[in-house]
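**Q** A single structure is presented below for examination.
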Amino acid sequence: ISEERRIKGNCKCSHGTHGVESKVVDNFRRRLKYFFMNPCEKYRARGRKPWKLMLQILKIAIITVQLVSFGLSNEMMVTFKDENLMTFRHLFLKGYKDQQLRNYALYTKADVYDHIHYIINRVLKLQITVMTTGYRSVTCRPHSIRADGGVAPLSLCQEFYRNSSIDPENETFDIDPHVEKDCFSIYPLQPLHNNTLLSTHANFSLDFKRLLSVNIYLTLKTINLQTVRHHELPDCYDFHIMIGFDNRAHSGMIKVHVDNAVKIYECRDWNVEAGENDNMLLLLFDSGVILACFISLILCTRSVINGVKLQFEFHIFFHTYYNKTVSWSDRMEFVNGWYILIIVSDTLTIAGSALKIGIQTKFLTNYDVCSILLGTATMLVWVGVIRYLGFFKKYNILILTLRAAFPNVIRFCCCAAMIYLGYCFCGWIVLGPYHDKFRTLDKVTECLFSLINGDDMYATFLKMRDKSYLVWLFSRLYLYSYISLFIYMVLSLFIALITDTYETIKHHQSDKLPVSQLQAFMGECSDQPESGRYQSDEEPSSCCLSSCCCFR
């Protein structure tokens with residue numbers, strides 16, 4: 001503000017400076033118009049080659065190739081984990097069949113003991129399987145009944161109430177809700193005597209009236225050898241398996257489930273006779289991606305800084321010459337959102353590529369973080385392609401519509417979200433006990449969002465037919481009102497909001513009406529890029545006016 005006052009106080013131009021002032025305004029107007037030109041127009045105006053454009057096109061190609069390469073590696077890793085989990089279910093669950101885990105349960109005491117014996121014997125006879133697996137070695141083992149195995153033990157733990165006396169016949173009970181845990185270990189490579197748990201641990205018994213759960217823990221090691229065929233070094237895996245028998249409900253049904261936590265790490269001693277050169281090529285390619293993104297990051301950051309500087313100059317210029325305040329919408333025109341998008345994309349790509357190099361060299365094994373970074377970066381890169389389509393007037397209307405409709409869409413969604421959350425909470429508390437799709441709050445949100453798009457409507461209605469009449473009647477009123485409100489009203493208003501914005505933008509384009517002070521100011525400059533007048537936009541320095549308002 002003080003600088004503005006100083007400029008105004010010192011700008012005492014003599015008679016005859018009107019022509020120079022007009023030239024200064026024309027030069028600044030031409031400078032603004034050049035700033036908002038697309039790369040092709042800038043090339044015709046000054047012969048400036050569109051290096052950023054060519055670099056962005058190159059980035060689209062190399063980042064996509066990098067993502068496909070990593071996606072294949074990630075797919076092999078996920079497939080390997082899923083197939084091993086399926087193998088563990090077939091090996092350790094007696095009589096297990098595919099897609100049966102959700103309904104896999106035991107109902108008698110003999111079945112529980114039988115299945116525990118079956119799991120332990122399967123672990124002790126793991127060498128009969130076709131898996132390339134082994135036991136985890138340990139150097140310091142906890143105290144157990146077998147302390148000379150040399151490998152990590154199989155642990156069996158039961159959780160139970162400290163004390164309970166339950167008599168359903170007389171409808172009486174006396175229970176201490178404190179939970180106790182009892183564990184013991186069995187070392188592989190030393191078979192159990194007589195195949196019984198009692199000979200192994202005499203104190204082991206299950207009191208089903210107090211029993212909450214029985215969990216069996218074991219750790220197995222294996223190597224993902226399939227990556228060798230794709231010129232990648234194999235990873236070593238630790239599968240921390242937990243087989244649980246859940247009796248917390250005490251409903252007469254003990255549910256059985258298998259959980260598998262995986263740790264991936266570099267193998268200690270490896271030797272691959274072929275494929276090292278291919279691995280070096282991949283590392284060089286990833287390094288090239290990092291270099292390209294780093295150059296793009298610098299160029300786009302510089303463009304954003306120049307835009308911010310020019311925005312301040314335009315604000316002072318407009319206030320000095322016209323004594324008007326520039327609106328924030330006009331000032332934000334100088335901040336190119338596409339450059340911000342590219343900066344974010346480049347940052348994510350550099351971080352993801354660095355993690356990918358670490359994974360390939362086996363210093364890191366965090367596939368999930370790397371996939372999130374590279375996937376998000378590639379998505380932003382391809383979204384940025386819309387910017388180049390915007391150079392053509394027929395395609396630019398999509399970008400203008402999205403930008404103009406975005407604030408109204410956000411406000412509309414905030415209002416609709418209040419109604420949506422109300423239906424979510426109501427459906428969860430009322431229909432949750434009777435319908436699988438409403439059992440948890442996240443399932444409710446997914447179900448209702450699917451209903452907005454017309455997905456699986458009949459199945460949602462059908463599952464409520466066998467419930468109580470009151471709940472059935474409420475579910476009909478609930479579903480009919482929700483579907484009618486959101487599909488016929490909210491969704492229609494949402495589409496109408498975007499359509500109205502599209503028609504407004506189309507009307508402005510056809511009538512060529514300026515929509516802001518900035519565009520009106522630049523619109524007075526009729527010089528075409530080929531006119532040659534953009535080769536130099538230096539302001540004159542022969543008058544005090546130029547010293548006041550020379551923004552170069």
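Please read every residue number as a count from 1 along the shown chain.
Glycine is no exception: its Cβ is also placed from the backbone N, Cα and C atoms.
Any TrEMBL annotation is an automated prediction that lacks curation.
According to TrEMBL, the feature domain 'Mucolipin extracytosolic' maps to 77-268. The transmembrane segment annotation in TrEMBL covers 280-300, 338-359, 371-389, 409-431, 477-498. Annotation source TrEMBL lists domain 'Polycystin cation channel PKD1/PKD2' at 369-505.
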**Q** So which of 280-300, 338-359, 371-389, 409-431 has the most C-beta pairs under 8 Å when paired with the transmembrane segment (477-498)?
**A** 409-431
**Q** Near the transmembrane segment (409-431), which residues from the same chain, at least 6 beyond its ends, have a CB less than 8 A from one of its CBs?
**A** 438, 440-441, 444-445, 447-448, 464, 471, 474-475, 478, 482, 485-486, 490, 493-494, 497-498
**Q** Mind looking up the mean pLDDT for the domain 'Mucolipin extracytosolic' (77-268) in the predicted model?
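**A** Value for the domain 'Mucolipin extracytosolic' (77-268), mean pLDDT as a whole number: 75.
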**Q** If you run through the domain 'Polycystin cation channel PKD1/PKD2' (369-505) with DSSP, how many residues end up as helix, strand and coil?
**A** 117 helix, 0 strand, 20 coil
